[in-house]
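Undergrad: Quick paste of what Swiss-Prot says about this protein:
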type	residues	note
DOMAIN	15-241	domain 'AB hydrolase-1'
BINDING	22, 82, 83, 143, 144, 145, 146, 147, 235	substrate binding site
ACT_SITE	82	active site, nucleophile
ACT_SITE	207	active site
ACT_SITE	235	active site
């Protein structure tokens, strides 16, 4: 099986693995790697099937987490954005002894709306899957525009994300479809109750994909975790507010000693 693309930079004594979201790749972290590299040893990863980690089709969440773990350092802080948040959470559930802390960014344990749970309407996710088969580049671009809508720098932020996608090979339609299937079906709400490691959750108030209404619901469900809401950010707070985004990560590093 192909190795996944993995780059290690920085000289901090704390290892930080960064997992990107659906349709993207590790280039999305370019706006924060300079700030973080002097504090952490950063592990930048293209998830299987994305960016430079070609040769993978659709995978289950468990298989994706296992594949990433195989190349990971023995111990690290794991940070996952959006779909990457589910992968990082799955890693923490499978091997908590290898995770010093879990950080999820604009991520939900259950992306699909159901009953009284706020999220993306299942028919919207199914629509994206349908559109992928028709014109997947345009579908990915629409998804990127949705991620930055509402922020003062929306156009510029969408450009940064689009640049990250277009600078590398496009993911295969199978990998993209597999990622949407994970977003549509996975529900880790109960599985993450009582997670035995520090857990930090970061959100954007203007996020159109992960509604801020889930924040108090998860505060109640996971009382040991900590949540931070960036007031003027949407789905990609590290792109729109890089300096503010890095602050809680540096505080977490201090807390871990």
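Note that Cβ sites are derived from N, Cα and C of the backbone, with glycine treated the same way.
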Undergrad: For residue 82 (active site, nucleophile), identify the closest of the binding-site residues 144, 146, 235, judging by Cα separation.
TA: 235
Undergrad: Whole-number Å distance between the CA of residue 22 (substrate binding site) and the CA of residue 207 (active site)?
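TA: Cα to Cα, residue 22 (substrate binding site) and residue 207 (active site) are separated by 15 Å.
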Undergrad: Can you see whether DSSP assigns the residue listed as 'active site, nucleophile' to helix, strand or coil?
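TA: Assignment for the residue listed as 'active site, nucleophile' reads coil.
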Undergrad: Per 10 Å Cβ neighbour count, which of the recorded positions 146, 207 ranks highest?
TA: 207
Undergrad: Report, in whole Å, the straight Cα-to-Cα distance of residue 207 (active site) from residue 83 (substrate binding site).
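TA: Their Cα atoms are separated by 14 Å.
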Undergrad: Just to confirm: which same-chain residues, 6+ apart in sequence, have a Cβ under 8 Å from the Cβ of residue 235 (substrate binding site)?
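TA: Listed in sequence order, they are 82, 106, 146, 147, 148, 204, 207, 208, 209, 210.
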Undergrad: Report the same-chain neighbours of residue 144 (substrate binding site): residues 6+ apart in sequence with Cβ closer than 8 Å to its Cβ, ordered by sequence.
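TA: Set apart from residue 144 (substrate binding site) by at least 6 residues yet with Cβ under 8 Å, we have 23, 158, 161, 162, 165.
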